[in-house]
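This report refers to the structure that appears directly beneath it.
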Amino acid sequence: SFTISLRAVDNTAVMIKLRPGVSPSCQIRVKNLARSELKVKPGESVTFAFTCTTPEKYFIMEIQKNIDCVSGPCPFGDVHLYPLGLPRLNRTFIWDVKASTKAGLELKFSTPWLRQVGPGETCPDFVSYNINSCIDTATVNIGTFCRNGSVSRVKLLGGVVLSLHLLWDSTLATSGFSIANRASIKRLCIIESILKGESSVTLMSPNYPLGFPEDELMTWQFVVPSNMRASVFFHNYSLSNCERKEERVEYYLPGSLSNPEVFKLSDSQPANIAGSFNLSLQGCDQDAQNPGILRLLFQVVVQPPQVDENVTHLVDLSKEYNTTVKIHFEGWPSRLPLMSEPICLICKDPRTCDRVLTLVSGAVYRISFLCKDLSRLRITAEKGISCVDLRWCQRKIYSLSVPKAITQLPIQLHKFIWKLLAPDLINIEITSPSLKLQQHVPEQRCNKSYSYSIISATPETELNVGVFCPGGSIEKIQMRNNITISLKTFGKGFLNESNHQDLKMSFVPHIKDECTFTVSPDPKAKVYLQTPNWPYGLPPYVSISWYLVVPSKQVARLGFSKDRMGIVCETGRAYVNIKEETLGAEETVRREDELLPEPRNMYHNFWVNVSNCRPVDKMQLTLQFWVTLADKQIDLGVILAVVAGAGVLLTIGLTVCCVRKKKKKKSQNPMVGVYNANVNTQMPGKQGLFTKGRKNNESHVYAVIDDAMVYGHLLKESNGSVSPEVDVYRPFDGPVGSLPPSPPPFSFRKDIKRSSNTEEPHPLMDTDHDTYTFAHQKSEQSEDNGDIMEKNNGDTMEKNNGDTSVSLLENKEQDGLVE
């Protein structure tokens, strides 16, 4: 059993009651009567017992003491825990002190002092204090505090209600505070915080987060050692709707010539303060209909002065446009360093410092650092480039390089972002003239000190083009939409490699595909290329093209990393198109339900186009292919053709020589050189192999004979076995097309060779796993050739305006449909 005896002069009452939400399975027995609660008034003595062995699970206890400092003397000094011998229950001691608003009260806390915490936060030792100020009938919650902090005193206007919460097994024997004094403060409250050594303190305005009382004023007093520096940071605040006056904070700073210094809550607060200072929060008269909420959560950090705090670094952004530079702590913005950690402050003047400093283009800054370890700081910058009129901006080439004003700082660049904005029908081209770009793929990872992440954005979708680094084979990337390029660094090597940046950007007219790559494969390495948005897959109905450049003396080997596209289309069809850029080249097309082409050799520049459908469910189109280069091997057939051609030339030469000697004996007439402009100089071969016409060909044939002879007599004498018309193979060096192959239609016709008569080919049905090819012949190219050819299955004789020269042409029928 327990006995509680209370003296009347102590004005203390004890209440034992059930914990909220607990069933009354345990009761209090007083004189054989069971009850669920017990109240002991001042001057009473009660003996009681519990009907269970663990009453702390069911009951709580409140001990309230009323102290009158208005009508009688105020009991200054330590406040004790009374009465003793209470049962071991969770208990709350409440001291309700009445005082005049003209006098006020000062509460002094013994070491280890108090630390303010947010509402609902639990103290490590489960010992907490709650302080409320009572002005007439209004109550203001000054805050909740734990032990082990910096708050040493609290002065309040009017009375105070202080609560101390203890667990049932707490061994705390003293209240930890005293009533120190009465003094008129003419403001809501004053909180004193003593900061020792390198430390920090977090404080909140009264009634946080519900709102600071209207038109009130309160002050925090900070005691800072003379050999330390203090900085103030506002972490969370909101403003009310003021009708009169203005919400603000005021500082009394040591050595200031303009105390008090007034700041808005949105301003950067003073930093690097040498010595003790005061900070006051002033409210305003609020709008009665929509008052809003004034609240403030801030932090004061104390650290020793830095040796290099007077060392300034020049950051000249006066010639930059639309650029923002942020210097911040590592991990920002996802986290800021805990104030228990050593922090780094960046200052743009001796008193304006913060953990995040923003610099804008068009200005010059002299910054300094209050930081022991600069390696924890990072730089993130952003630059915007836009085009409104293509006629003006198409002539410009923009350099996407990090300004030297940033790279010269003793801080690691974390990221530099270029936001490239282009209106409709204006596209963006990215080039790297000297270094070129390498796409980061699993088989070919970037190992440089920096890389570029390229994202193309439309109002509907966002296409992650990929990650690229310098030193590859990609010369150019063209994209249709607004682009975001993010340069990200890895390690400290970027400071040395930043001098060699050569990424360029320009605005170009509208392109056909969502994205087009121009690639010049490395002759010594295997080049891997993959579709954008890897590994999540291309968005529906997006078309991507690669234009691969093959040197004239080399051959490219093209292969795919898997045998199928791996998707099933819900609507539309997905295609892979491959086509060499040469006259009459076959276009290879594969659908999503067909096997991808086997590795093949490509002898000319060629296109690879991937067009997506709308896939079924979550299946997405991801495709990767590779390209290698090798030197061309000399073909035995070519050698034999050259030898045969030399033999023909030799035979013609001997024949002409013999004829000339025979004619010299018959006649001494002077020889006449006749230029035959209609001789065909094209060797037999595939139709359309050369695109140069006779008008542009310089390899015409001259025959030196007398006026009595014509070229056709030689054919008769040689029985047609010798062709006087011989040409030498000349590689094509004329203009080529620049457009990727068009995505194929949804239905195809198989290729059929035409017979000798002009009967049209019969249509055939589609068959899976077949190769569908197209031979595209441009009408303008055939017109430019200047030759009129009659097409049939055999050789074709070409007659030139009544000239007696005859040329044998072999006309092979091209496989595929002829446009």
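Glycine too: its Cβ is placed from the backbone N, Cα and C atoms.
TrEMBL lists 748-781 (among others) with the feature compositional bias 'Basic and acidic residues'.
Per TrEMBL, the feature compositional bias 'Basic and acidic residues' maps to 788-801 (among others).
The compositional bias 'Basic and acidic residues' feature in TrEMBL is assigned to 810-819 (among others).
Under the heading domain 'CDCP1 first CUB', TrEMBL lists 2-69. Per-residue confidence over the domain 'CDCP1 first CUB' (2-69) averages 93 (mean pLDDT, predicted model).
Per TrEMBL, the feature domain 'CDCP1 second and fifth CUB' maps to 78-181 (among others).
Look at TrEMBL and you will find 187-290 (among others) tagged as domain 'CDCP1 third and sixth CUB'.
What TrEMBL records for 314-402 is domain 'CDCP1 fourth CUB'. Taken residue by residue, the domain 'CDCP1 fourth CUB' (314-402) breaks down under DSSP into 7 helix, 41 strand, 41 coil.
Among the features that TrEMBL reports, domain 'CDCP1 second and fifth CUB' is placed at 408-499 (among others).
Annotation comment: TrEMBL describes 513-626 (among others) as domain 'CDCP1 third and sixth CUB'.
Positions annotated as region 'Disordered' by TrEMBL: 733-819.
For 636-659, the entry in TrEMBL reads transmembrane segment.
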CB contact flag for the domain 'CDCP1 second and fifth CUB' (78-181) and the domain 'CDCP1 first CUB' (2-69), at least three pairs under 8 A: yes
Secondary structure content of the domain 'CDCP1 third and sixth CUB' (187-290), with strand meaning DSSP E or B: 0 helix, 53 strand, 51 coil
